[in-house]
Amino acid sequence: MAQSVPPASSHGQLTVGEVGTSVNSVPYARHEEIIRAPLTYLLNLPGKDVRSKMIAAFNQWLKIPEDKLDVIKRIIMLLHNASLLLDDIQDSSKLRRGLPVSHSIFGIAQTINAANYAFFLAQQELPKLGDARAFEIFTEELLHLHRGQGMDIYWRDASICPTEEEYFTMVSNKTGGLFRLAVKLMQLASESDKDYVPLVNVLGVIFQIRDDYLNLQSGNYAKNKGFGEDLTEGKFSFPIIHSIRSNPANIQLSSILKQRTTDIDVKLFAVGYIESTGSFEHCRRKLVELTAEARAIMENIADGRSEDLESYACILLSKLILYNRLTYKVPAAQVIHGASGGYSTAPKPRILAQQIATVRAPHLQYAT
């Protein structure tokens, strides 16, 4: 879904002495177009717009004015896409939503600059909310976001497998940060005295675990970002953490992560191993558990009004969480024990072969 950033004006001209003092010029407008190009490219790629849908869902409770709601949506959209630009560089990603990543087109330096520019474009929107506390909340959550990203990168680059507790802290900072920022800004503009942050914290963790699961299990995800991209990145995702820690003596999976492999057969081996340790099933169980927790929080928010609960549960759970669709899994691997006490895995090929066919011969629809 194409989105837009606040436009630059294109009227008038500047003298040399006026440079930097006005945005009402043709050169300024052209320069803006150049500076924002990596961001604009990303915004024009088709997406699910999950965060805007989440904001709209929460606004059924918070009921803030439309003008302020639009400002908050713009802030979150800018920050989210800025973080994606940087993520793709930091993760050496090749695809985003099925098309080349921005830095493959515009270069790393220009893409970093566009991402940083977007952070400040978002900050520039804050005064429109009319509450000085917005800047403090904005700063706090961006610090959380960078702390989470920093630890995620550190574990990957140092080949250190975190505990699940450390993972949840990282996710709360990194993924939950923008969810939390949106809801906190909305609460500033709302007359409601209820705190929705506990709910959004749970939703952030659900969203990330689901994303980690789909990265290794979804054919559609493979088409859009590449099959098993987390394995190529060397990322300690939720199923990978569980799999490694389920049998620390077996170093096969941790060794594969260090290789940053793009080899499909090696990735298939890794996915089969993760399945053999029950780690995908662990993801599904954790998502059911977290969804029940989210549901309990919503019941408390709804104060027993069943019609409200069902309405919001439908929006927040059915459209955003979708845990009940995570029933697809890799066919059970055939485990072959070797003389050394280790083992190799041979996943049954049918469904995984369909995934690989998608990866090796993707049908890409180019954004216009």
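Placement of Cβ uses the backbone N, Cα and C atoms for every residue, glycine included.
Since this is a predicted model, take the numbers as computed values, not measurements.
According to Swiss-Prot, the protein carries these features:
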type	residues	note
BINDING	Lys48, Arg51, His80, Arg97	isopentenyl diphosphate binding site
BINDING	Asp87, Asp91	Mg(2+) 2 binding site
BINDING	Asp87, Asp91	Mg(2+) 1 binding site
BINDING	Arg96, Lys174, Thr175, Gln208, Asn215, Lys225, Lys235	dimethylallyl diphosphate binding site
BINDING	Asp211	Mg(2+) 3 binding site
What other residues of this chain sit with their CB within 8 A of the center of the CB atoms of Lys48, Arg51, His80, Arg97, the recorded isopentenyl diphosphate site?
Gly47, Asp49, Val50, Asn81, Leu84
Fewest other C-beta atoms within 10 angstroms, as judged across Lys48, His80, Arg96, Arg97, Lys174, which are the binding-site residues:
Lys48
Cβ atoms near Asn215 (dimethylallyl diphosphate binding site) (within 10 Å, other residues, all chains):
23
Do you know offhand how many angstrom separate Asp87 (Mg(2+) 2 binding site) and His80 (isopentenyl diphosphate binding site) by C-alpha?
10
Which one is closest to Lys235 (dimethylallyl diphosphate binding site) in space, judged by CA to CA distance, out of the binding-site residues Lys48, Arg51, Asp91, Arg97, Asp211?
Asp91
Give me the Cα-Cα distance between Gln208 (dimethylallyl diphosphate binding site) and Arg51 (isopentenyl diphosphate binding site), rounded to a whole Å.
13
Is it possible to get the count of other C-beta atoms within 10 angstroms of the C-beta of Asp91 (Mg(2+) 2 binding site)?
19
Inter-residue C-alpha distance, Lys174 (dimethylallyl diphosphate binding site) and Asp91 (Mg(2+) 2 binding site) (nearest angstrom):
15
Among Arg96, Thr175, Asp211, which are recorded as binding-site residues, the nearest neighbour of His80 (isopentenyl diphosphate binding site) by Cα:
Thr175
